[in-house]
Ligand SMILES: Cc1cc2nc3c(=O)[nH]c(=O)nc-3n(C[C@H](O)[C@H](O)[C@H](O)COP(=O)(O)OP(=O)(O)OC[C@H]3O[C@@H](n4cnc5c(N)ncnc54)[C@H](O)[C@@H]3O)c2cc1C
């Protein structure tokens, strides 16, 4: 009896429940990854994620070879290619990790339908989140809309056991494995100069390093310059690390990381219940977004003249990653201050983020735009206060905005206050939004500054 294990964004062998179950229950297992043309062509495709994915596939193939198997790689329509491999190896079942996005749900439905017609069994297993999306529901609802009660229920849930990598993967040697795709074959285009190394092996090293750092204690996850969050998000996005495994490693070391993973689970269960999350307001609020392509471009390029915003946006372009606090500040600035539609911001993030994720990205954007799960939807972050609080000596800004490298201390956050002579020497744009007034050059609504 043969089973095809269709890998999607669960690119690992450690704590990979569907792979382990396949190895226990079947005489032969065919691990398969299909470079999905539909995802490849969908906007906004990301060359940064393509590079990470190519490395993750190479690493997965190498791990599977060590376990006596291989990673079969195909390209095209994921359902058609899967069924073709199923037919070629005479498999009776397909195992897949369940996922939450609208696309993943539609893919699952299609796979079930087409497989049923061919007499093939399809089974879905856990592995994308710590607690499977949909497992926790409030009384009278199909999902939690607010994080705090979700977190309370989440903390009381029994987690499944972490499953070690199978000792051996019994493989059908008569199937051609196919070449690994290069990053450019997945999505070509400009990439960030500094990107994390993709794959489970790099992810496990990053995890152990993050645990060691956490053991030293003293992290302030909001300190922009210290940059002490785990940076595990790309590995979690592609499933090079299991969220459950990460939660277990941190549970007695740093409860803050476990809480962040609960946020991730929360966003995933919201997206599963509301698959339109990346395109539609979760809580429609009839906001009159401004159509301002100049402001959007300045924001995207990190040229708004608001140093803390520009630093975040340039970190994104340089590293394909941005500190969580900077994501909040830049998203608030685009949606609440420039009043540009969150969908433009989410699309730009999705183009560049290596961890670019349907659930977390759309969830984060809607949360900040006030259309999502924030219980205080009118919250506006004052970028200057945020900068003074979370980058008190300006180190983060100077790291990413070289035009301001010579401005000392916290003065870097308000270059417009510098003496005229010093300001004139800076090749840095004037603020797009005057800190105490309306946007320059157009009659937009005045910016909304708040106490935060
Ligand atoms: C506007 C906006 C867009 C975002 N887009 C994404 C995205 O596309 N992909 C993504 O993974 N995260 C996104 N986040 C959430 C968060 O910023 C990142 O997960 C985090 O910065 C990743 O860094 P880390 O791995 O060092 O996080 P840590 O602080 O070390 O947290 C550990 C893990 O928990 C998860 N996590 C942390 N914070 C959040 C959060 N607020 N919501 C959901 N999960 C969280 C991540 O998987 C992260 O790797 C977004 C947040 C905002 C405000």
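Cβ atoms are placed via backbone N, Cα and C, with glycine included.
If you look up TrEMBL, you'll see 1-130 marked as domain 'Photolyase/cryptochrome alpha/beta'. The FAD binding site annotation in TrEMBL covers 229, 230, 231, 232, 233, 355, 356, 357. The annotation site 'Electron transfer via tryptophanyl radical' is assigned in TrEMBL to 289, 342, 365. If you look up TrEMBL, you'll see 428-452 marked as region 'Disordered'.
Overlay of TrEMBL annotations on the structure.
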| residue | record | Cβ contacts under 8 Å, 6 or more apart |
| --- | --- | --- |
| 229 | FAD binding site | 219, 221, 260, 323, 324 |
| 230 | FAD binding site | 206, 207, 210, 214, 246, 257 |
| 231 | FAD binding site | 196, 206, 210, 321 |
| 232 | FAD binding site | 203, 206, 207, 210, 241, 246 |
| 233 | FAD binding site | 321, 354, 355, 357, 360 |
| 342 | site 'Electron transfer via tryptophanyl radical' | 331, 334, 335, 365, 366, 368, 369, 371 |
| 356 | FAD binding site | 46, 48, 49, 237, 349, 350 |
Mind telling me which of the recorded sites 289, 365 has the densest Cβ neighbourhood, counting other Cβ atoms within 10 Å? 365
Maximum Cα-Cα separation in Å among residues 229, 230, 231, 232, 233, 355, 356, 357, which the record lists as binding FAD: 18
Considering the binding-site residues 355, 357, which residue's Cβ sits among the greatest number of other Cβ atoms within 10 Å? 357
Recorded positions close to ligand 1 - of 230, 289, 342, 365, only those whose C-beta is under 6 Å away: 230, 365
Mind checking how the domain 'Photolyase/cryptochrome alpha/beta' (1-130) divides into helix, strand and coil residues in DSSP? 62 helix, 30 strand, 38 coil
